[in-house]
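According to TrEMBL, the features are:
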- 1-18: signal peptide (SIGNAL)
- 30-56: region 'Disordered' (REGION)
- 71-245: domain 'Sulfotransferase' (DOMAIN)
- LYS80: active site, for sulfotransferase activity (ACT_SITE)
- LYS80, GLY81, GLY82, THR83, ARG84, ARG161, SER169: 3'-phosphoadenylyl sulfate binding site (BINDING)
Amino acid sequence: MLFLWLYMFYSCAGSCSGLAARGSPAPPRAAPLLLPGEPGEESSVEEQRAAPDAGSSISSFFNGSGTKRLPQAIIIGVKKGGTRALLEFLRVHPDVRAVGAEPHFFDRNYERGLAWYRDLMPKTLEGQITMEKTPSYFVTKEAPARISSMSKGTKLIVVVRDPVTRAISDYTQTLSKKPDIPTFESLTFKNRTTGLIDTSWSAIQIGIYAKHLENWLLHFPIGQILFVSGERLISDPAGELGRVQ
């Protein structure tokens, strides 16, 4: 949509200048992206409409201006749920700027400090949303408190998937790197006769969503966490992405 808009903008730049001088409306801006449940959504729309015109914003963007900000929204999980697909979909939106690589700040690099974390973020213009995704945050015990300490208003996104399908995908990825690991069945079951599952195996443990969610609800209200269906990202990507936006 951004590239189509840019094409239309530059194609009509010459002919539109006369119209603009006579007071005709400026070219339309891309629709703002607002996360569900965000307080003051109506005022946010008005603020973005009152922002500098699209031409000057685009010019500033390509000139490298902007400010590095801490993320207002984070995709916190889960591994093999579809987080990469969701992030790449969102990055197409002109109001979203996101880090491509996983920063792993709140689980592995927290001692480096918020200044280090902020420096990883892309520059954004007024009205744009800064995002990052690190799926291991969801199962990291310390992550909720650390993110809350940064900002209690951070929007959290969790991409969930059928736990069995997710575990198989997780195992397949590991198998591609370590072909000599035990079979999926031997890692899954403590006792195949009784069907007792080994919940200590990470591929199974990640899929016990309720257990990890309890830890997040100690620091964030449920309304601040959006659950995205990994299955619907495949069957209805536009519809599911619309919920996120």
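Glycine is no exception: its Cβ is also placed from the backbone N, Cα and C atoms.
Annotations in TrEMBL come from automatic prediction, not curation.
Surrounding the centroid of the Cβ atoms of LYS80, GLY81, GLY82, THR83, ARG84, ARG161, SER169, where the record places 3'-phosphoadenylyl sulfate, the chain contributes additional residues within 8 Å, namely VAL78, LYS79, ALA85, PRO135, VAL159, ARG166, GLY230. Neighbours of THR83 (3'-phosphoadenylyl sulfate binding site), defined as other CB atoms within 10 A of its CB across all chains, total 24. Summary for the binding-site residues GLY81, GLY82: the Cβ-based neighbour count within 10 Å is maximal at GLY81.
Spread of the 3'-phosphoadenylyl sulfate binding residues is 14 Å (greatest Cα-Cα distance among LYS80, GLY81, GLY82, THR83, ARG84, ARG161, SER169). Least crowded of the binding-site residues (ARG84, SER169), judged by neighbouring Cβ atoms within 10 Å of its own Cβ: ARG84. The Cβ of ARG161 (3'-phosphoadenylyl sulfate binding site) has VAL78, LYS80, GLY81, GLY82, SER169, SER229, GLY230, GLU231 as same-chain neighbours under 8 Å, each 6 or more residues away in sequence. On the 0 to 100 pLDDT scale, the domain 'Sulfotransferase' (71-245) averages 96 in the predicted structure. Its Cβ placed at the centre, the residue listed as 'active site, for sulfotransferase activity' has 22 other Cβ atoms within 10 Å.
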